[in-house]
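Colleague: Attaching a single structure in structure tokens format; questions to follow.
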Amino acid sequence: MVWRQLEVTKAHVAYSCLGIFSSIFSLVSLFVKERLYIGESMVASVFGLIVGPHCLNWFNPLSWGNTDSITLEISRILLCLQVFAVSVELPRKYMQKHWLSVTMLLVPVMTSGWLVIALFVWILVPGLNFPASLLMGACITATDPVLAQSVVSGTFAQKVPGHLRNLLSCESGCNDGLAFPFVFLSIDLLLYPGRGGEIVKDWICVTILWECIFGSILGCIIGYCGRKAIRFAEGKRIIDRESFLAFYLILALTCAGFGSMLGVDDLLVSFFAGTAFAWDGWFATKTHESNVSNVIDVLLNYAYFVYLGSILPWKDFNNADIGLDVWRLIILSLVVIFLRRIPAVLLLKPLIPDIKSWREAMFIGHFGPIGVGAVYAAIMSKSQLESHLTDEETPLNYTPGKGSKHWQAMACLWPITCFSIITSVIVHGSSVAVIMLGRYLNTVTLTAAPTSRTASTSTKNSWLQSLPPFDKSGRPFSLQRLDKETSPTPGQIDVRTSGMIAAPALGMRQRWRQKLHGNKETESDIEMSDLQRQREEHTGTIDLNDTTTETLGTTNARTPGLAQRSKVNIMNRTETVNTIYGLDKLADDTENHDVYHVETSRVHDIGSSHDDVYTYEFDADSIDSLERERIKLLREPEQQAYIAYTEDNQVIIENRQGEILEYARSHNDGVRDAEAGSHNQGRHKRASSPPLERLRQITNEACKTKYYAYKVGNDLIVEDESGEEFRRYRISPHGGKRKIKKKKINNPVPERKNHSLLHSEDEMADDEAESEEENYGDSDDLALFVKDHAD
């Protein structure tokens with residue numbers, strides 16, 4: 001007789017198994033992901049196999065009841081939550097700006113993959129007709145948003161360019177819902193053979209118009225109403241922080257419920273609801289520092305893949321009665337990995353603006369994971385076929401026996417889908433592809449941070465302190481490049497500039513603003529000069545004001561005369577990028593461009609004519625001033641350069657959201673051209689700023705790794721290790737202090753009251769409750785920081 005306190009149920013064992021796995025894996029998750037390059041989905045599936053009915057039989061969902069029905073609803077909830085989260089985390093108005101790239105991946109690429117998989121299933125599996133093969137292909141065509149998180153978020157994502165992360169994230173969130181037309185067209189072809197009119201009527205009227213189009217409209221309505229409701233509640237201060245963070249989860253469940261009740265595509269409902277909910281970027285800004293969604297996603301992923309690993313039909317993988325053999329499934333898996341997406345993406349690469357190189361096209365084509373979406377599509381398809389055979393509630397807990405109508409299609413559907421998922425989890429669940437891509441990309445992170453130079457607190461003696469301090473007194477000086485007489489090396493540009501630093505509050509930025517209307521070509525230079533500090537970035541940065549041996553070495557820049565070699569700053573590639581970028585921007589005179597051979601274009605200009613919400617040509621009485629201030633604060637971070645990376649002969653500069661700010665390509669003959677994405681409605685070419693070209697040269701792995709900087713009198717000199725002068729700047733202080741007059745400028749663009757656009761994420765989030773004076777404080781000088789990700 002067992003002690004009655006030890007009456008263990010199946011649910012208790014399931015809780016314990018999930019808890020033990022989640023606890024152990026969480027403790028070693030960083031090691032497994034970064035050292036072993038294995039994702040949590042693979043480890044969870046293996047654990048589910050071990051504790052499942054095929055091994056230890058501790059965790060057996062097959063004994064819980066109708067397994068297909070349980071799996072269908074779990075998959076539905078997980079997908080709706082993940083799809084909604086993906087659409088919320090996209091940059092604001094992403095679908096409007098990148099609709100062509102997303103459409104090319106959703107329509108021609110998915111159609112190609114669907115037909116290719118169907119063809120090989122029809123060839124490899126004996127007894128299946130072509131409509132049944134089309135159904136198999138439709139279930140495993142879409143990419144999975146859950147498995148895609150391994151490349152679009154987390155540590156691995158830092159090795160992938162932001163525009164690729166956004167593209168993969170958007171595609172994975174949208175194409176699960178767009179798999180419905182392929183699935184139901186295959187079902188109609190299977191159920192109504194030879195009845196073309198019935199097929200067309202059912203597919204167009206029911207699937208396309210009702211399930212997809214009406215479902216998308218329903219999602220937009222839910223998202224729009226949710227956005228207005230939460231903004232009203234937050235404005236009235238009647239919602240607490242916890243409910244505010246959980247609101248998007250509530251909306252995702254609402255989409256799943258209404259979508260299922262109305263018989264529409266609930267995944268499309270969730271995606272478009274999330275897109276409409278986060279359309280203006282307000283919610284994403286408010287919850288930027290919160291990790292609630294990530295925590296929930298991790299817990300759901302752990303539990304789901306343990307569950308999935310325990311219910312995989314291992315016996316059916318080698319079941320000759322239904323026409324399946326292991327070798328057939330292995331060949332089919334190779335076809336799925338290599339022919340499902342890669343050929344179509346490579347072929348359409350010139351038509352996809354967000355794919356900038358063949359390597360990126362190869363990566364986008366390769367990374368098409370199959371996971372939860374395929375499970376959902378397979379069980380839903382099986383349920384639809386079973387509903388035409390029986391009056392019982394579907395999906396059934398068993399597969400109809402041999403001899404019943406469409407029995408082989410229903411019997412093969414689940415094993416083929418599961419084997420494809422296993423292959424995808426092994427191939428895409430690891431991050432080797434991401435690591436290999438990052439190995440070829442030379443990335444430089446650009447951030448800005450305020451530093452203070454006071455006699456009482458600053459003990460550092462950096463050579464950059466040889467520049468006059470940018471104090472609040474507004475003491476002016478000019479910085480002039482003197483290396484104009486040196487012959488440019490191949491791939492180098494010759495720029496002769498001079499400039500003047502004025503008062504921080506209404507100095508250089510005001511002068512730039514005034515010249516903006518007379519010289520439109522300098523707009524990108526102005527935007528690139530505002531490098532925004534990102535406080536949540538936890539990676540190390542290099543401070544040019546730091547004179548330790550780890551950064552710039554020892555120096556005595558104040559010593560007049562020729563600097564001794566021991567007093568010279570020895571800089572690596574990263575520090576040289578930082579120095580050249582910062583000093584060239586200081587020395588840049590917008591009225592004296594003498595740039596040859598380089599031409600770039602602004603790929604996306606925030607607030608351009610097609611973005612009518614963010615243009616400032618409006619009546620001041622029509623829009624509240626707080627709303628205009630909020631819009632301005634949203635636009636500013638999007639115009640700040642965050643990361644630059646080079647690949648082959650091109651350099652790409654992105655903001656923190658992954659939107660491409662500048663994209664330049666250099667050819668061997670010295671002539672460079674620029675390419676713009678399709679979302680830019682006109683190519684406005686301009687002369688490239690020197691830092692853009694310098695980033696391409698210095699981040700090149702073939703360039704020299706050591707540079708020397710020293711001061712001779714009023715000259716700052718930068719040399720490479722061979723002794724060739726790389727840059728020379730002359731500092732010309734101007735006596736006296738300038739008196740600054742504040743005057744009102746009739747400019748439709750609200751005037752910034754500070755030279756530095758430094759503000760925290762919390763200030764951006766609460767922009768409607770704070771005035772402009774609170775958002776921008778007095779600025780000290782601006783120090784550039786650079787983090788090199790190339791190594």
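In case you wondered, yes, glycine gets a Cβ from its N, Cα and C as well.
Take a look at what Swiss-Prot says about it:
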- 729-745: compositional bias 'Basic residues' (COMPBIAS)
- 750-762: compositional bias 'Basic and acidic residues' (COMPBIAS)
- 763-781: compositional bias 'Acidic residues' (COMPBIAS)
- Asn291: N-linked glycosylation site (CARBOHYD)
- Asn545: N-linked glycosylation site (CARBOHYD)
- Asn572: N-linked glycosylation site (CARBOHYD)
- Asn754: N-linked glycosylation site (CARBOHYD)
- 670-694: region 'Disordered' (REGION)
- 729-791: region 'Disordered' (REGION)
- 12-32: transmembrane segment (TRANSMEM)
- 36-56: transmembrane segment (TRANSMEM)
- 70-90: transmembrane segment (TRANSMEM)
- 105-125: transmembrane segment (TRANSMEM)
- 128-148: transmembrane segment (TRANSMEM)
- 173-193: transmembrane segment (TRANSMEM)
- 203-223: transmembrane segment (TRANSMEM)
- 244-264: transmembrane segment (TRANSMEM)
- 267-287: transmembrane segment (TRANSMEM)
- 319-339: transmembrane segment (TRANSMEM)
- 361-381: transmembrane segment (TRANSMEM)
- 418-438: transmembrane segment (TRANSMEM)
Colleague: Test of understanding: applying the rule of at least three C-beta pairs under 8 Å (pairs 6 or more apart in sequence), is the transmembrane segment (70-90) touching the transmembrane segment (361-381)?
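Modeller: Answer yes, regions in contact.
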Colleague: Might you confirm whether the transmembrane segment (203-223) is in contact with the transmembrane segment (105-125), defined here as three or more C-beta pairs under 8 A between residues 6 or more apart in sequence?
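Modeller: They are not in contact.
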Colleague: Within this structure, do the transmembrane segment (267-287) and the transmembrane segment (173-193) have 3 or more Cβ pairs under 8 angstroms, counting pairs 6 or more apart in sequence?
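Modeller: Contact criterion met.
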Colleague: Which bits of the chain, at least 6 residues beyond where the transmembrane segment (12-32) starts or stops, bring a Cβ under 8 A of a Cβ in it?
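Modeller: Distal contacts: 38, 40, 43-44, 47, 51, 58-59, 61, 155, 299, 302-303, 306.
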Colleague: Six or more residues out from either end of the transmembrane segment (70-90), which same-chain residues have a Cβ under 8 Å from its Cβ atoms?
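Modeller: Those are 61, 64, 145-146, 149, 152, 166, 169-170, 172-173, 176-177, 248-249, 251-253, 255-256, 259-260, 266-267, 270-275, 277-278, 283-284, 293, 296-297, 300, 304, 307, 311, 372-373, 375-376, 379-380, 383, 395, in sequence order.
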Colleague: Any chance you could find the range in 128-148, 244-264, 267-287 with the most Cβ pairs under 8 Å to the transmembrane segment (203-223)?
Modeller: 267-287
